[in-house]
Ligand SMILES: O=C(O)C1=C[C@@H](OP(=O)(O)O)[C@@H](O)[C@H](O)C1
Ligand SMILES: C=C(OP(=O)(O)O)C(=O)O
C-alpha cells in the first residue's frame, strides 16, 4: 500500500456500517513461531499481513520453513520439527526483524535454545528497545548470546552449539517489569528442551502486561504444550513436551486495532435510532487482553454490545466522562483512551504505563506533545499521563500530527478528526500504520461520515493534451486522495455504447444517457475497469476519443454523468480532472486549476507519446486536430470548456511535470490551516 508523506483528514462527524479488522499481531506472530517449531504443516487462517508479520515470516523462511498461500485468507507453514539446526561454526544466518518486539524477543530465545549461528537486527528504534533481561536469562542457561552494539539492546549474535549442555536443572529466572515479551519468549522457546525433563521459569519482580502471557499460554496449549503454573510467578513446562500442530488455526482479529473503532463509535455523532458501528472478527470472548478496553470505553460512556465474533458500538453518554485508570493490563489499547480523553468532561488519568516509554517511541512524551498540539493540556509523569481536553470548540487547533514512526500514534490521533470545531487534521507519515494495520485509513474513512462539502475537491480543467491526467494522478497520489478522470467517463460511455451497438450521434441521446447513468466503472491508481474488465487501453484509442467528444456534446449524457461524478467525492478528498470540473460539477471546490500549454507544445507532447507507442503521425496533423477539438469543446452549448472564474491559470509549456505538480501542491498547502 502506497502512503503519502502526510494525510489530511477533513473534519469527521459520524461513523456507521461495518468494519472487518485484520488479524491480531500478537496471535499471528506467536502462531507463526509455534508452527515453525512444530513438525508438519499448520494452516493459519486470518493471519495478519503487516510489517511485523512480514519480518517474522521472512525470518522463518530463512530458517528453512516452507510457506504456501493457497488463497488470500490461508497460509500454510511447514515447520522445522526435529530437523537439525544449522552448524554454529558456519556463516551467521542474518535476520532483520524491523521493529517487531513479537519477532525479536521470541526468536532470540527460540534460536538460542535451538542452536546455530545467527545475527538478529532491526530498525534503529529496535536497537533502542531493551532486551537485556531476556539475554541475561538465556546467558544464565549457558546460551552463547552477545550484543553487537549497545549492551542490553539488539542487534544480537547467537552462536550456540546445539550439542552443548545447558544449565536446565534449576529454575530460569527472568525479570518481567520492562516487558512481558521476555517471559513469553522463554515460554514459547523452552519446550524445545523439555523432552527429557520439566523446565521451570521464575519471574523476578512485578510482571507487567499480564494478559499477553495469557495469550501465550492459550496458544501453547493449542500447540500441545502442557504447563503448571503458580499465578504469574512460576511456570513449569512438563517433561516430554513437544510442539504439536493443531492442523488448522483461525487467528482472531486484533483487539488493539478494534480500540480505534470502538473509540470512533463512542465519539462520533449518530442519529437517534442508528445502530452505530459493527466491528467484525473479534468479540467479547477474545483471548486478547486488549478486549478489556471495552470496560474502559464503557466507563467513559460508550455503548457496547456484542457476541463471540463481533462488537456493536455507539455513542452513549456525551460528552464522555473522564476516568482514572491503572492501564497496565492494556498497555497498547490504553493509548486510545488518551485520544478519547479529548472528548471527555474533566481530566483523564492513565497510570502504571511506564512501558510506554520503551515501545515504538517514548509514547508518554509523544502522546503529551501531540495532544498538546491539538489544544489539550497534558501532564506527563514517568509512568502516567493526565489529559485535560481543550476547554471548548474554540480551543481546538488544526494540528499537523507527528507520528514518530509509531503506528498507534497515527491511529489514535486520527480520532481527533471528530473534533467539535470542525477542523481538518493532518497526520504526518501515515504509512507507519503498516506495522500492524496497513489498511487502517481506508478502513476508518470507509465507515466515517461527513458532509460532502467538507470533503475537499481539487479541480484540474484544461484543453486536450495539456497534461491534466498526469498532473491530477500525481497530485492525488501525493495527497492520498481519490482520482476522477472525468474525460474517461465520456470515453467509457462511448465504449459502452459501442459494445451495445449504439452509435454516438444525437439521435441516440436518450439511450446513451441511460448507459451513462449506470456505468459500472471503477478506477484504481493506474487502470480503468468497466463491468470488471480492464479497459484502460480500449478507451484510449483515437476512435473512442472522437466518439467521446461527440457523446460529450449531448446534454442528457452530461447530466446523467453528474451524479456519477459527485459520487467520487469521498473521504479523504478528490482530485477531479476534466473540462468542466470547476465550472459545472464541483463549483464550490476549494482549489481550481486551469491547466494550459501552447498548441504547439501539446502537439509535440502528444507526438512523443504516440511515437513511443509505435504510432506514426506528424506534429502538424496533431496540432490541427488539437485546435479543432479545442474549438469544439469551447463552443459547445452545454458546459463549454473555459476556466472557472476563481480558477488559477497554470501554463505548463515551460514546466516539467514535477514542477507543475509542485506548483499545484504549493497552492494547495497555502490554503491549509495547519500550524507547523
Ligand atoms: O506479547 C505481546 O504480543 C505484546 C506485549 C506487550 O508488550 P510489553 O509486554 O512489552 O508491554 C504489547 O505492548 C505488545 O504490543 C505486544
Ligand atoms: C508495543 C508494540 O509492539 P511490539 O510488538 O513491537 O512490542 C505495539 O504494537 O504497540
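Quick reminder: no glycine exception, Cβ is built from N, Cα and C everywhere.
According to TrEMBL, the features are:
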- 332: active site, proton acceptor (ACT_SITE)
- 25, 26, 30, 179, 180, 181, 209, 332, 359: 3-phosphoshikimate binding site (BINDING)
- 25, 101, 129, 181, 363, 408, 435: phosphoenolpyruvate binding site (BINDING)
- 462, 463, 464, 465, 466, 467, 468, 469, 470: ATP binding site (BINDING)
- 14-444: domain 'Enolpyruvate transferase' (DOMAIN)
- 458-665: domain 'Cytidylate kinase' (DOMAIN)
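Feature annotations (TrEMBL) mapped to structure.
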residue	record	contacts (Cβ under 8 Å, 6+ apart)
25	3-phosphoshikimate binding site	48, 50, 52, 53, 102, 254, 256, 436
129	phosphoenolpyruvate binding site	99, 101, 104, 153, 154, 358, 359
209	3-phosphoshikimate binding site	179, 180, 289, 328, 329, 331, 355
363	phosphoenolpyruvate binding site	335, 353, 356, 357, 406, 408, 409
462	ATP binding site	468, 579, 593, 594, 595, 596
464	ATP binding site	602, 626, 629, 630, 633
466	ATP binding site	595, 596, 597, 602, 652
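Note on proximity: among 30, 332, 470, the recorded positions of the record, the Cα nearest residue 181 (phosphoenolpyruvate binding site) is that of 30.
Spacing of residue 435 (phosphoenolpyruvate binding site) relative to the residue listed as 'active site, proton acceptor' is 13 Å (Cα to Cα, whole number). Proximity of the binding-site residues 129, 359, 363, 464, 466 to ligand 2, judged by a Cβ distance under 6 angstroms to any of its atoms, singles out 359 in sequence order.
The Cβ centroid of 462, 463, 464, 465, 466, 467, 468, 469, 470 marks the ATP site; residues of that chain outside this set whose Cβ lies within 8 Å of it are 471, 595, 597, 602, given in sequence order. Cα spacing between residue 470 (ATP binding site) and residue 332 (active site, proton acceptor): 42 Å, rounded to the nearest whole number. Within its own chain, residue 332 (active site, proton acceptor) has 256, 259, 290, 408 as residues 6 or more apart in sequence whose C-beta sits under 8 angstroms from its own.
The Cβ neighbour count for residue 180 (3-phosphoshikimate binding site), using a 10 Å radius and every protein chain shown, is 25. Listed in sequence order, the binding-site residues among 129, 209, 468 whose CB lies under 6 angstroms from an atom of ligand 1 come out as 209.
Taking all protein chains in view, 20 other C-beta atoms sit within 10 angstroms of the C-beta of residue 359 (3-phosphoshikimate binding site).
Along the domain 'Enolpyruvate transferase' (14-444), the predicted structure has mean pLDDT 97.
Sequence-distant neighbours of residue 30 (3-phosphoshikimate binding site): residues of the same chain at least 6 apart with a C-beta under 8 Å from its C-beta are 102, 106, 184, 188, 215, 216, 219.
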